[in-house]
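Engineer: There's a structure below that I have some questions on.
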Amino acid sequence: MKIHLFLSILFFIALLEATTHDRVIIAHPKPPLHWKPSHILPDPSELIQFKLLLKQNNLDKLNQYFWEVSNPKSPYYGDFLTSQQVNDLVRSNEESFQQVYQLLGQHEIHQDEIEEKADYILVRTSVERAASLFQAKFLKYKSSKTGAVRVRLHGPATLPSHILDHIDFVTGLSEFMDKIKTSHHNPAKNYDNADKASLNDDILITPPVLKSYYNVPPTEKGSAPSNFQGIAAFSDYFSQGALDQFVKTYSLQTPNVTINGSDCLSGGCDQYESDLDMQYISAMGQGIPILFMAHPDGEWILDYAQSVLYMHNPPLVQSISYGWAELSQCDITNGCSTYGYNSQQYVNRTDVELQKIGSMGISVLVSDGDDGAPSLGGSSGNCPIDPGTYCPTGGCAHTKTQCAELTFSTSDGSLCFFPQGIGSDSCSSMLNDPNLQTAMNAFSDANTKCKLAFESDRTNLPHVYSECACSSLSNVTNSGYTVSAYSFSESNGAIFTSEYPTSSPFVTSVGATQFLSRNSHITQELGCSILEGAKITTGGGFSTFQPQPDYQAKAVASWMANNQGSIPPSFAFNPTMRAYPDISFNGHNYNIFASTNSANFDQCPCTQLPVDGTSCSSPALAGLISLINDKLISAGKSPLGFLNPLLYQMALENPSSFNDITAGSNNCNRSYCCKYGYTATAGWDPVSGIGSPDFEQFEKYILSIKGL
């Protein structure tokens, strides 16, 4: 008995030392303003889920294999790995597993609460045990934007320092990321009807319209039983009733749908994004079964990619219609203490998962964003508004202004560029402060001769009206704020903001075009923009820190060499980084169905409405890629896998496979137009990529490459 007591005392002392000394902070969250802490502790028995991401092995071999199987010129092209082979290749060291298991056991986290994967450990345990493990406190937070509730850290979390030799970082403790959906269903037009009619009759996009323009045989369908296509959704779900109504309206084949995840419609999540995705991937990829991959609130692109590795029969083509500012996966500019890892670490780890997916023969297509090169959410706003495009979406009391932008500043150096930067953290903080309203009123009073006014457009976003030039406005300091006319400086933040995951070199980034038409006849395809009456502006540009892959080096170099007179200033982008989009497809004025049945959104009655977005482009194009895969699989060939090396090779060897988009620009976001941006030109460009596909030529080239 005494020996057992002595051993127990030694164990207690060792445990006490392990939990009080030599620990390292791994996260110290600072929630965004719209995530409000409840200041009520969650029930100690409430479950929380997190992942300990272990260090991976053989990443150099994975990288080499990925490029070999994706390169049409390689003898290993299409020689894909199984998920088991991928996991065996990168599997973490057994010592890492044992060290983490030992730590979890010390805090009474049992085996039935642990799920082991090849390179991470998923833990579902009580808040009480998680608090013990991380020596941390947890609170419930609620989003004032969406009403979502999450249990997240309140204060720092730590782990023993020796564990950091075995893990990259921990996810699930402190993330408050809100994904940006890339579809917009506001039915209001951006021009008055008379003005709009004089420009374009704005043809309604339906499956027959798309198939006719892109030369897709109207009766082409898939039949290979092993061929699946997939839609990834985040806190969003589709209405089965709306899908059924869409299928009936256009005389389509009812898709075979499998669900991975839970229906969130009854909990109030949105349906429009997923309705769009499901309806148009099924319309363009007729006859091909669909896996709908629903991810709950709090999960993001890394969780998605990890889940694909463990699916029994993962879709060979997958479409993602969501994005988030690349530098705001977490804030790389301040070391990202919010999450315990920085944006580059998160992106790099996710890129590895995307390489795994590509090595398995899976094509991932991602919408390239709906706010042009400047972006809106997560951007600095330091992009001078084009004075010739005041309130371009309409709805303001005026159509011109002499000064479109102001700067709000504080004594600590914080800056908000209004209104271009309203999506930045700095602006969000200031605009929630009543003292700023006081300062803005004082600024208006000091400039009464200029008839200064703050007006709202049709999407309720603000604009600054002034009858005086910016140089004539008087600065005001009041209530802790200085309000002045905006003046551009390179040092005040990036002009353009890239989005992730579309900026990953390991996905196919899809931009949006729109059709100009007269008398229902399409006259031109150009880059989608609010300047042409669309509700969105297609994204595009260059990554901040992801290097440019070889497959696009020639295309980007040609663009740089041939467009020196029209490209943005050199400080605005780095042409040696990953450039996007890779390819484009129509993304304006899609007709979709959505449920209006508040008692059960899974059923009709349903309404029709027009939507815009690069999230129209990605799933529609994904359906066409699935059709080609179907022919390959039926002929005993391997699927296409990662598309980009093939696409850029096709653009060089058979340019007739693409419609070259030479008109349009992406200097605007959804409500403001910047002085700088990119313009569509001959060949590849950061508005339309290598163009949109002519399916007949596109498919013919691919089948010949594959020996058919």
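Cβ coordinates are placed from backbone N, Cα and C, and glycine is handled just like the others.
TrEMBL annotations: computationally assigned, not manually curated.
Marked as active site, charge relay system by TrEMBL: E273, D277, S615. Residues or ranges marked as Ca(2+) binding site by TrEMBL: D660, I661, G683, D685. Sequence annotations record features per position, and here TrEMBL assigns domain 'Peptidase S53' to 204-705. Residues or ranges marked as signal peptide in TrEMBL: 1-18.
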Engineer: Of all the recorded positions given, namely E273, D660, G683, which is spatially nearest to S615 (active site, charge relay system) at the Cα level?
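Structural biologist: Comparing Cα positions, the candidate nearest S615 (active site, charge relay system) turns out to be E273.
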Engineer: How many neighbouring Cβ atoms, not counting its own, are there within 10 Å of the Cβ of E273 (active site, charge relay system)?
Structural biologist: 28
Engineer: For D277, D660, D685, listed as recorded positions, tell me which one has the smallest number of other Cβ atoms within 10 Å.
Structural biologist: D660
Engineer: Enumerate same-chain residues with a sequence separation of six or more from G683 (Ca(2+) binding site) and a Cβ-Cβ distance below 8 A; give 'none' if the list is empty.
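Structural biologist: Once residues fewer than 6 apart are set aside, G683 (Ca(2+) binding site) is near A555, S558, W559, N562, A651, D660, I690.
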Engineer: Taking only the Cα atoms, work out how far D685 (Ca(2+) binding site) lies from E273 (active site, charge relay system), in Å, as a whole number.
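Structural biologist: The Cα atom of D685 (Ca(2+) binding site) is 27 Å away from the Cα atom of E273 (active site, charge relay system).
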Engineer: How many whole Å apart are the CA atoms of I661 (Ca(2+) binding site) and D277 (active site, charge relay system)?
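Structural biologist: A Cα-Cα distance of 24 Å.
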Engineer: An 8 Å radius from the center of the D660, I661, G683, D685 Cβ atoms defines the neighbourhood of the Ca(2+) site; name the other residues of that chain inside it, in order.
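Structural biologist: Surrounding the site, in chain order, are T662, A680, T681, A682, W684, V687, S688, G689, I690, G691.
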Engineer: Other than its own, how many Cβ atoms are within 10 Å of the Cβ belonging to S615 (active site, charge relay system)?
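Structural biologist: Other Cβ atoms within 10 Å of S615 (active site, charge relay system): 34.
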Engineer: Across the domain 'Peptidase S53' (204-705), what is the average pLDDT of the model, as a whole number?
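Structural biologist: Here the mean pLDDT over the domain 'Peptidase S53' (204-705) amounts to 93.
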